[in-house]
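First comes the structure, then the notes that go with it.
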Amino acid sequence: MVKKLLTILSIAATAGSLSIGTASAQDAKAGEAVFKQCMTCHRADKNMVGPALGGVVGRKAGTAAGFTYSPLNHNSGEAGLVWTADNIINYLNDPNAFLKKFLTDKGKADQAVGVTKMTFKLANEQQRKDVVAYLATLK
């Protein structure tokens with residue numbers, strides 16, 4: 001009886017840890033739903049209030065063709081900011097703070113002035129991860 005109970009508890013613990021791991025993984029399907037909030041200003045294939053986001057993962061900041069960026073965003077790209085998954089996840093939490101810290105860390109605090117056009121903040125870390133997984137699917 002005790003052996004059977006231990007087996008059941010072991011299986012339950014394993015299943016629980018699997019579901020916890022799955023919940024924290026990036027989910028492009030969930031990210032697509034989160035992206036609907038972004039569509040107020042963004043599309044994958046054309047510039048609007050914000051730049052086109054197709055191909056953003058891996059792109060140098062401030063370089064979407066035909067989009068006029070704020071000096072803060074442009075300067076970040078000139079200083080070497082590339083939109084890796086981690087950088088986008090951190091940026092979405094607080095765009096202005098992220099860019100200013102990036103420039104300051106690069107020794108360019110004098111260029112860390114003004115604000116980016118991106119006023120939206122996405123506080124939920126899982127949603128940020130999910131939306132980045134979705135952005136990675138856009139070409």
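The backbone N, Cα and C atoms fix where each Cβ goes, glycine too.
Listed in Swiss-Prot:
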type: BINDING; residues: Cys38, Cys41, His42, Met118; note: heme c binding site
type: MOD_RES; residues: Gln26; note: pyrrolidone carboxylic acid
type: SIGNAL; residues: 1-25; note: signal peptide
Neighbour count (Cβ, 10 Å) for Met118 (heme c binding site): 22
Residues Cys38, Cys41, His42, Met118 binding heme c per the record - widest CA separation, whole Å: 10
Same chain, 6+ residues apart, C-beta under 8 Å of the C-beta of Cys41 (heme c binding site), given in sequence order: Met48, Val49, Gly50, Met118, Phe120
Cys38 (heme c binding site) and Gln26 (pyrrolidone carboxylic acid), distance between Cα atoms, whole Å: 18
Nonlocal neighbours by CB distance (under 8 Å) for His42 (heme c binding site), same chain, sequence gap 6 or more: Met48, Val49, Gly50, Pro51, Ala52, Leu53
Set of same-chain residues at least 6 away whose C-beta sits under 8 angstroms from Cys38 (heme c binding site): Gly50, Leu53, Phe120, Val131
Gln26 (pyrrolidone carboxylic acid), number of other Cβ atoms within 10 Å: 17
Three-class DSSP secondary structure - Cys41 (heme c binding site): coil
For the heme c site built from Cys38, Cys41, His42, Met118, further residues of that chain with CB within 8 A of the site's CB center: Met39, Thr40, Met48, Val49, Gly50, Leu53, Phe120
